[in-house]
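Engineer: This is the structure I want to talk about, given as structure tokens.
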């Protein structure tokens, strides 16, 4: 299964060519919940630019009409509508095929992803509730941190309505893969578009496990460099938080990664074969209930979990180190929903 991952070229984000002939299938309705935010705006721009999107439904608690008006002037076929405030949330979700959720508060210097827990847990639970009621069959792509907990939260809320489908709920970890690809390419002088590093585990600190041993093209690093590279991939979010010095966290690279993942989901829904992305999902691959691994995507979401593949001893240790923290984050998410009023 691990060579299947390496065989597949990763998707490219391309500027929509206006003469592109698109099949009737390429007409998905995509909602962005949190569309006015630092991630939501550039993410919505990339989605508007794609021939895969027929309708773009933008929701946020403020500024959405302006963002929607602005994007609606772009000469691509996606029809844009803006919805603002809790009373318009249901309308924003009606008939959606894919729901992307970048909503939530960003990290500030000195904060961990977990420091955002109560605020973002409440936001995600509220949005998941609305998805369960309005478009229960949609693919749900969660960007809101802490992803290690917001995916269990989303799943538990869907279960309350009896509409939970583990093949359609994804924690978007794509930014970890994008960063790993960029950093490896930089170190080895490779074209980043050709590099593909699977990243498994979760989406915070030491739960982020880059599988350099499974990278394509094949790369090797001495132990000290491998250790430093792994730490950089794990701490890359903090690198951006520090560089932005109080003005937020990763927004542009996250928007790119969120769009890349969404396009892969849409491609697979349209019947494209061999679409593989890593994502944090309900899983039987380890003793954690949720775990990110390479997934073969299909018309109905996850078609096949490709698992961890062959790990190096170094990577096996990283997995062992991550399990405890992941289990704690998962329980925290589940408990949050269990104790909700």
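Cβ coordinates are placed from backbone N, Cα and C, and glycine is handled just like the others.
According to TrEMBL, the protein has these features:
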ACT_SITE  203  active site, proton acceptor
BINDING   34, 35, 36, 37, 38, 39, 40, 60, 120, 143, 144, 145, 254  NAD(+) binding site
BINDING   107, 113, 145, 179  substrate binding site
DOMAIN    29-171  domain 'Lactate/malate dehydrogenase N-terminal'
DOMAIN    173-337  domain 'Lactate/malate dehydrogenase C-terminal'
Engineer: Counting across all protein chains present, how many other Cβ atoms fall within 10 Å of the Cβ of residue 40 (NAD(+) binding site)?
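Structural biologist: Other Cβ atoms found within 10 Å: 27.
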Engineer: Out of 113, 203, which of the recorded positions is least crowded by other Cβ atoms within 10 Å?
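Structural biologist: Output over recorded positions 113, 203: least Cβ neighbours within 10 Å is 113.
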Engineer: Relative to the Cα of residue 120 (NAD(+) binding site), which of the recorded positions 107, 113, 145, 179, 203 has the closest Cα?
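Structural biologist: The answer is 145.
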Engineer: Any same-chain residues 6+ apart from residue 254 (NAD(+) binding site) with CB under 8 Å of its CB? Would you list them in sequence order, or say none?
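Structural biologist: Residue 254 (NAD(+) binding site) has long-range Cβ partners 39, 43, 102, 143, 175.
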Engineer: Would you mind pulling the longest C-alpha to C-alpha span across 34, 35, 36, 37, 38, 39, 40, 60, 120, 143, 144, 145, 254, which the record has binding NAD(+), in angstrom?
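Structural biologist: Output for NAD(+) binders 34, 35, 36, 37, 38, 39, 40, 60, 120, 143, 144, 145, 254: max Cα distance 18 Å.
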Engineer: Among 107, 113, 145, 179, recorded substrate binders, what is the largest CA to CA distance in Å?
Structural biologist: 18
Engineer: Which residue, out of the binding-site residues 34, 38, shows the minimum number of other Cβ atoms inside 10 Å of its Cβ in this structure?
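Structural biologist: Least crowded of the binding-site residues 34, 38, by Cβ count within 10 Å, is 38.
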Engineer: Counting other Cβ atoms within 10 Å, pick out the least crowded of the binding-site residues 120, 145.
Structural biologist: 120
Engineer: Report the member of 107, 179 (the binding-site residues) whose C-beta atom has the most other C-beta atoms within 10 angstroms.
Structural biologist: 179
Engineer: Just to confirm my parser: what is the rounded mean pLDDT across the domain 'Lactate/malate dehydrogenase N-terminal' (29-171)?
Structural biologist: 97
Engineer: Long-range neighbours only, meaning 6 or more apart in sequence with Cβ under 8 Å: which ones does residue 144 (NAD(+) binding site) have?
Structural biologist: 34, 101, 102, 103, 104, 120, 123, 124, 150
